Amino acid sequence: MISSLHRPTLAKVDLSAISENIEQVVSHIPKQVQTFAVVKANAYGHGAVEVAKHVSKQVDGFCVSNLDEALELRQAGIEQPILILGVVLPDGVPLAIQENISLTVASLEWLALAQKQGLDLTGLTCHIKVDSGMGRIGVRNLKDADNLIAGLKALGADVEGIFTHFATADEADDSKFKRQLSFFTDLVDNLTARPRLVHASNSATSIWHATTVFNTVRLGVVIYGLNPSGSVLELPYNIQPALSLETALIHVKTLPAGQEVGYGATYTTTAEEVIGTLPIGYADGWTRDLQGFHVIVDGQLCPIVGRVSMDQITVRLPKVYPLGTPVTLMGENGGASITATEVAEKRGTINYEVLCLLSDRVPRSYD
């Protein structure tokens, strides 16, 4: 998709904020723990290559979701270890070996398929995924983990790590978290051959359960300045949102009372109202359920009226403003602010999704 460079809609990414967030989290976890920055999904909408280049000296490696995301980093000159957290089928092994990319292996079925294809795994680095209660991917018992490690080594692979993922580390009720932690700890402690890297800590675990980390952590949404729990749990220290979303007024008009606005005529002016139009819509990731939310103009919260269109939204203004007046959709403006968590709560979702949905039509700039 082509970025819309010739309109005022822009996502501004503060790379120094990401660096400071990493420093903040790392200062609260045990020393000598390896840190992997999670830059999957285009670094949660922030720009994977730009983020990885900026923080490369602060972290020990990177985590991505799939082989294409890993290749993007390698082609951009990123040399640190890269771990793919999702499953890459065995036919991706030769490319992973060639580019020195670590794969997650999550089942004996994967091993059987590699054996059937006659693959030589010499030169492949892999991590075993354990399903400790998430229910997605991973082996579910000690026997399978032992057999998988042994089978991979027999084919020449370097089984560098073993890991799991917590489902509820960002919730007030930590009972399921404790069950998962106990399951994983017991499995790792009883392995016949324990890999060098053991990791279970995502952002939430690193924040609220820092004493339970093993020897490696995966830092995701927290480095971008977002609370992993939304507003459920308070952060024990400050982090800075790294992304702001801005645009500008492209049309301003005064409508009389009784005038309908937008698709479906879902909004009708109740008095003479000043309506401004902004060049952003659901094709940019500013979704239709944000009707009734607000933006910031001149330090004032202005409601989104009428339906969100594909390319435009309309807002009610307190007065007539000139064309080109800056508008903030996320971030700070004149003492007022809107956070990704507030946008998420309006939409009934999580702050992760708000940022990940910002499409490639929205250019990113970097400070």
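Cβ coordinates come from backbone N, Cα and C, glycine included.
Bear in mind that the values here come from a model prediction, so they are computed numbers and not experimental data.
Taken straight from Swiss-Prot:
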- K40: active site, proton acceptor (ACT_SITE)
- K40: N6-(pyridoxal phosphate)lysine (MOD_RES)
- R136, M310: substrate binding site (BINDING)
- Y263: active site, proton acceptor (ACT_SITE)
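Features as recorded by Swiss-Prot, highlighted on the structure.
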residue: K40; record: active site, proton acceptor; CB count, 10 Å: 19
residue: R136; record: substrate binding site; CB count, 10 Å: 11
residue: Y263; record: active site, proton acceptor; CB count, 10 Å: 11
residue: M310; record: substrate binding site; CB count, 10 Å: 10
**Report entry** Where M310 (substrate binding site) falls in three-state DSSP terms
**Finding:** coil
Requested in this report: Specify the nearest of the recorded positions K40, R136, M310 to Y263 (active site, proton acceptor), where nearness means the distance between Cα atoms.
Outcome: M310
Query raised in the report: How far is it from M310 (substrate binding site) to K40 (active site, proton acceptor), counting Cα to Cα, in Å?
Result: 26
**Report entry** Distance, R136 (substrate binding site) to K40 (active site, proton acceptor) (CA atoms, angstrom)
**Finding:** 18
